[in-house]
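Trainee: If you scroll down you'll find the structure; I have some questions about it.
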Amino acid sequence: MDRLNMLGGQLNPSSKQALLQKNPDDVVIVGAYRTAIAKGGRGSFKDVGSDWILTKFLEAFLKKTNVDPKLIEDVAVGNVLNRAAGASEHRGACLAAGIPNSSAFIALNRQCSSGLMAISEIANKIKCGEIDCGIGAGVESMSSNYGPQSIPKVDPKLQENEEMAKCLIPMGITNENVAAKYNIPRSKQDEFAAASYAKAEKAVSSGVFKSEILPIESYIREDDDDEEEGEGKVKTIVVDTDEGPRKGVTAQSLGKLKPAFKKDGVTHAGNASQVSDGAAAVLLMRRSLAEKKGYPIQGKYVLCSSVGVPPEIMGVGPAVAIPTVLKKTGLTVDDIDVFEVNEAFAAQCLYSAESCNIPPEKLNINGGAIALGHPLGCTGARQYATILPLLKTGQIGLTSMCIGTGMGAASIVIKE
């Protein structure tokens with residue numbers, strides 16, 4: 001009964017002070033790291049798939065956290081573009097990286113929140129007593145899988161259904177809908193995007209991200225024009241730096257780019273998230289186990305909320321998910337010290353932040369997906385690797401993102 005009461009208190013805390021209390025059954029974060037994010041189609045991961053990225057990353061992750069692999073009871077990996085969310089190859093990646101076959105595995109796909117859903121999956125299993133230790137991760141190789149082949153196939157007769165059709169609207173068009181519905185001019189979007197680039201470039205050049213990035217090995221094919229495909233030289237490299245941020249991006253330079261989705265539209269390559277490759281993971285444990293084994297505790301996972309919104313304006317998801325998770329945890333916007341809200345597009349992120357009254361100085365402090373990139377299945381886990389180093393002991397962070405087909409998700413984490 002005491003355990004049930006404690007669990008109920010964790011799920012429905014009444015205030016910030018209640019959340020800051022430490023209990024043996026808390027879900028704690030022992031490690032949260034990521035790869036550098038590479039440019040899709042032309043970056044350092046362009047010639048390897050998600051299986052390679054995840055294998056090499058998990059090898060580095062296990063070494064960095066120094067966790068006994070035998071303690072890992074379950075692994076959840078979020079992925080969007082692989083067939084079946086990478087169920088077979090990502091299970092194989094876990095085993096190849098050194099996780100024992102006694103550990104269970106699940107592949108998850110809830111679009112752009114998949115990495116966060118993987119964290120939530122493991123956290124909830126710990127909360128309800130199914131396991132004591134697990135990994136929530138996300139990976140995406142947009143170089144390998146992004147494009148026409150990722151377009152869903154729907155029966156032609158069902159395509160005539162209005163609600164079905166809304167779920168097939170291209171993401172860029174949904175952002176155009178948000179910009180039009182909420183009157184967000186292109187100039188404002190370009191200013192927001194330029195600020196993201198400036199923050200991210202500064203963070204990269206000053207080494208801010210080094211503590212959260214685990215360098216991993218990749219290879220690049222250097223095929224000559226006169227050689228058959230796959231017959232060229234292979235160069236081994238180490239990937240340790242984000243490739244998306246660049247210097248000199250201004251609202252004025254972005255203003256010269258052509259709209260990408262509508263002739264008179266406001267969305268373009270410079271104020272939308274980048275096509276990218278990468279992986280991230282969070283090692284979660286029951287507090288009592290982490291303390292017993294002497295593992296350092298980086299943070300405490302509190303709660304994740306997922307909501308639905310109209311598919312045609314899917315980008316407003318955070319505007320609904322953020323108030324939902326705040327209400328469920330008894331917190332207010334003022335209680336949150338750092339917000340990581342995914343920048344799928346400038347317009348939707350702007351609307352979500354402003355509708356929730358998020359102070360700009362607390363939002364995406366080191367830039368977001370517009371500058372860093374958005375490897376779809378990875379982002380939700382990547383946000384944890386990014387937000388924890390930004391928080392001081394006792395501070396509270398919130399991560400959130402919109403989700404294709406009309407959803408939003410948000411989560412709360414406390415630094416320890």
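For all residues, glycine too, the Cβ spot is worked out from N, Cα and C.
Here's the feature list from TrEMBL:
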{"type": "DOMAIN", "residues": "27-288", "note": "domain 'Thiolase N-terminal'"}
{"type": "ACT_SITE", "residues": "CYS112", "note": "active site, acyl-thioester intermediate"}
{"type": "DOMAIN", "residues": "297-414", "note": "domain 'Thiolase C-terminal'"}
{"type": "ACT_SITE", "residues": "HIS374", "note": "active site, proton acceptor"}
{"type": "ACT_SITE", "residues": "CYS402", "note": "active site, proton acceptor"}
Trainee: On a simple 10 Å Cβ count over all chains shown, which one of the active-site residues CYS112, HIS374, CYS402 is most densely packed?
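Mentor: Within the set of active-site residues, the most crowded position is CYS402.
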Trainee: In whole Å, how far does the CA atom of CYS112 (active site, acyl-thioester intermediate) lie from that of HIS374 (active site, proton acceptor)?
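Mentor: The Cα atom of CYS112 (active site, acyl-thioester intermediate) is 9 Å away from the Cα atom of HIS374 (active site, proton acceptor).
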Trainee: Reduce the DSSP letter at HIS374 (active site, proton acceptor) to three states and note it down.
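Mentor: The residue in question, HIS374 (active site, proton acceptor), is coil (DSSP, three-state).
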Trainee: Report, in whole Å, the straight Cα-to-Cα distance of CYS402 (active site, proton acceptor) from HIS374 (active site, proton acceptor).
Mentor: 12
Trainee: Please work out the helix, strand and coil residue numbers for the domain 'Thiolase C-terminal' (297-414) from the DSSP assignment.
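Mentor: The breakdown for the domain 'Thiolase C-terminal' (297-414) reads 51 helix, 32 strand, 35 coil.
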